[in-house]
Amino acid sequence: DRQTLVAVLQFLRRSNLRESEEILRREARLLGDDLGGNVATVATSSPGVAAVAAVPPGKGEARGDGGVSPSSRQEPREAASPCAARSLGSSPLWDSKIVGGAVVVEDQPDVSAVLSAYNQQGDPTLYEEYYSGLKHFIECSLDCHRAELSQLFYPLFVHMYLELVYNQHESEAKSFFERFHGDQECYYQDDLRVLSSLTKKEHMKGNETMLDFRTSKFVLRISRDSYQLLKRHLQEKQNNQIWNIVQEHLYIDIFDGMPRSKQQIDAMVGSLAGEAKREANKAKVFFGLLKEPEFDVPLDDEDEEGENEEGKPKKKKPKKDNVGSKSKKQDPNAPPQNRIPLPELKDSDKLDKVMNMKEAARRVRLGPECLPSICFYTFLNAYQGLTAVDITDDSSMIVGGFADSTVRVWSVTPKKLRSVKTAADLSLIDKESDDVLERIMDEKTASELKILYGHSGPVYGTSFSPDRNYLLSCSEDGTVRLWSLQTFTCLVGYKGHNYPVWDTQFSPYGYYFVSGGHDRVARLWATDHYQPLRIFAGHLADVTCTRFHPNSNYIATGSADRTIRLWDVLNGNCVRIFTGHKGPIHSLAFSPNGRFLATGATDGRVLLWDIGHGLMVGELKGHTDTIYALRFSRDGEILASGSMDNTVRLWDAVKAFEDLETDDFTTATGHINLPENSQDLLLGTYMTKSTPVVHLHFTRRNLLLAAGAYSSQ
C-alpha cells in the first residue's frame with residue numbers, strides 16, 4: 001500500500017541509497033514531490049509498538065463506537081489514516097524490517113524524540129494539587145463510576161512523575177512519589193520499584209520500562225458515562241495538565257453500556273500497557289482441528305472393538321487427541337487443510353498413529369469420579385541445576401536441560417538408548433532384510449542416559465519432535481540447537497536471537513518450531529532453514545514461553561509484560577491479546593479441541609481463555625507460587641497445573657468450560673462474570689516433599705507424569 005511505500009522510500013533516502021530509491025519510485029510511478037507531501041501522513045501511522053500492524057486495514061483506531069484517539073486534541077472522530085493518528089510532537093524515527101516478504105514499519109523510538117514529549121509542562125509545585133484534586137473527585141463520584149475512573153490513577157501517576165523528573169524538578173518528583181505511590185494497586189509494585197530508581201533525567205535515557213511506557217499508549221476501557229463525567233470535571237477545573245496527559249499518553253477505549261464493576265476490572269487489568277483494545281481481539285481465528293488423514297487400522301486379535309466404550313479406536317494427532325471427535329467430518333472452525341504447508345506423513349508416522357489408536361482404545365476416561373494416577377520423576381542430586389524438562393509423546397524418553405549447559409536424555413522404558421553404527425559398519429549391512437532398522441543400531445552404545453554437549457550457557461527450554469527423531473534445546477547463549485536422537489549429536493545451531501532464548505517448542509506436526517527470548521520477539525523456524533520464517537514482534541518485555549496450537553496454524557506466546565498473544569503463522573499477525581495476569585507468564589496449554597487456552601504466571605493464578613471470542617472465561621485460584629507447568633488430559637476433561645509451591649493440582653475442565661456466557665454483549669464490552677470461588681473446580685491437590693514441579697505430561701492412556709528437581713532447602 002502507498003503508506004508503506006512512502007515509508008520505505010524515506011528509509012532509503014535517509015540511508016543515502018539514492019539509486020534504489022529512484023528505481024522503486026519509477027516502479028511505483030511516484031513523483032519526487034509525493035514523498036515530501038506524504039511525510040506527515042506516514043510519520044503519524046504507527047499502531048503503537050506492534051511491529052506487525054495489529055489493526056485491520058481500513059479501520060481507524062479512533063472509532064465511531066467511541067474509541068478515542070488520544071493524540072487528537074478534539075472530540076473523538078474517525079481517523080483519516082488506516083492507523084491511529086499520532087501527534088507529531090513525539091513522532092518516532094522509522095526502522096523498516098522485512099518479515100516474511102512484507103515490509104513492516106517498526107517503531108524504533110529515538111530516545112530524545114520520545115522524551116521530548118515531556119517538555120510541555122505546568123507549574124511543578126501544582127502537580128500534587130492536580131493529582132489529589134482528581135483523586136478526591138474520583139473517590140467522591142458514584143460507586144458505579146468510581147471503579148472505572150480509578151484505572152486512571154496509575155498511568156497518570158507514572159506520567160506526572162516522569163514529567164517532573166525529566167524537567168529536573170527532582171525534589172518535587174520525590175515528594176510526589178512518596179505521597180501517592182502507596183495508593184497504587186498492589187500488582188504494580190514491581191513497576192513502581194523500577195520507577196522509584198529513576199530520580200534524574202539521565203536515568204531515563206537507557207531505561208526500557210520508561211521507554212515502553214512512553215511509546216505505547218496505556219489502554220483503559222471505560223464506559224461512555226464515566227468518560228463524559230471525567231471530561232466534564234477536567235474541563236470545569238481547567239485542569240489542563242492532566243487533560244494533556246490523558247490526550248497524549250492514554251488510549252481510552254469507550255464502550256456503550258453499564259460501567260464495569262471493580263471485580264470485572266480487576267480481572268482484566270495489570271499488564272504493562274493496560275488492557276487490550278477490544279479491536280485487537282476481533283479477528284477471526286480458525287481454532288478447530290485439522291482432519292486426520294485416512295488409513296486402515298489393522299486390528300490385532302486382542303484389540304476387540306468392544307474394549308472402548310466410545311466404539312472404534314480413535315484417530316489421533318501427534319500431540320493431542322480429542323476423544324469426542326468420532327466423526328470424520330471437517331470441523332467448521334478448522335482452517336483450510338492447506339492453509340499452511342505441513343510435512344507429508346512418512347510410513348513410520350503412520351505406524352506410530354496406529355500404535356497411538358491402540359493405546360487410545362485402552363485410555364482411561366477421566367472425570368471428577370475418576371482422577372488420573374500421577375507418577376512423579378524426581379531429579380535427585382541435580383546440583384547442575386535443572387532448568388527445563390520435556391517428555392516424548394509416547395512417554396518413552398525424558399530430557400532435562402541444565403544450568404551447566406548440558407542436555408541429558410534418559411530412556412524411561414527398559415529399552416536402552418542406542419546410536420546408529422559408523423558408516424563403515426553400515427556398509428556391511430544387508431539393506432533388504434526385514435529387521436534392517438534394528439541392525440543399524442550399535443548395541444555397544446546402549447545406555448540409559450546420553451549427555452549432549454554444545455551450549456555455552458544454561459539450557460532454558462527443550463522439546464522433542466513428534467516422531468522422536470530430533471530434540472530442540474535453547475539456551476542463554478542465544479542459540480537454538482537441533483540434536484539427532486539417532487546419533488546423539490548436534491545437527492544445527494540456529495542463530496537469530498541476540499540474547500538468552502527462554503523457550504522453544506516443536507509444532508505438533510514436526511518440521512516447524514518456535515522460540516522466544518529476552519529480545520522480546522518470538523521466531524518461527526523450519527528445521528531445514530537456518531533463518532527464521534516469521535518474526536512475531538509486539539511484546540513489551542521478554543517472551544518467556546511459547547506454544548503451538550494443536551492445528552499448528554497459530555502460536556501463543558506469554559511474556560514478562562504480563563500479556564499473552566496469539567499469532568497467525570500464515571501472515572505473522574497478532575490475532576489475540578489477553579490481559580489479566582499480574583505477573584510474568586510462565587506456562588501455556590491449549591485444550592485438545594483447540595477452543596481454549598490455559599495460562600499460568602508468577603501470580604499463582606491459572607486463567608482460562610475462549611480463543612474464538614477472545615474472552616477470559618475462568619480463573620483458578622489455589623497455587624501460592626509461580627505456575628511452571630500446565631497440561632490438559634488427552635480428552636480435555638482435566639487440567640493439571642504444577643507450581644513452585646511443590647504441588648500438582650487437578651481441575652475439572654469440563655465444568656470450567658460449560659455454560660459459558662459468550663453472548664454478543666459480553667464479547668462487545670468485555671463484561672465478564674467469573675465465579676467468586678474456583679474451589680468447586682479443584683479436584684485434588686498433591687504435595688511433593690520438597691520438589692517444585694517444572695513439567696507435566698499425560699501419557700496416551702491418561703496417566704499423569706510430573707517432573708522436577710528435589711530442592712533440599
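In case you wondered, yes, glycine gets a Cβ from its N, Cα and C as well.
Feature annotation from TrEMBL assigns compositional bias 'Acidic residues' to 297-308. Annotation source TrEMBL lists compositional bias 'Basic and acidic residues' at 320-331. Under the heading domain 'TFIID subunit TAF5 NTD2', TrEMBL lists 122-250. Residues annotated as region 'Disordered' in TrEMBL: 55-79, 297-349. If you look up TrEMBL, you'll see 379-420, 452-487, 494-525, 536-577, 578-611, 620-652 marked as repeat 'WD'.
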Secondary structure composition of the repeat 'WD' (536-577) [DSSP: H/G/I, E/B, coil]: 0 helix, 24 strand, 18 coil
Helix, strand and coil residues within the repeat 'WD' (494-525) as assigned by DSSP: 0 helix, 19 strand, 13 coil
Tally of DSSP helical, extended and coil residues in the repeat 'WD' (578-611): 0 helix, 20 strand, 14 coil
Segment-level pLDDT (mean, integer) for the repeat 'WD' (452-487): 95
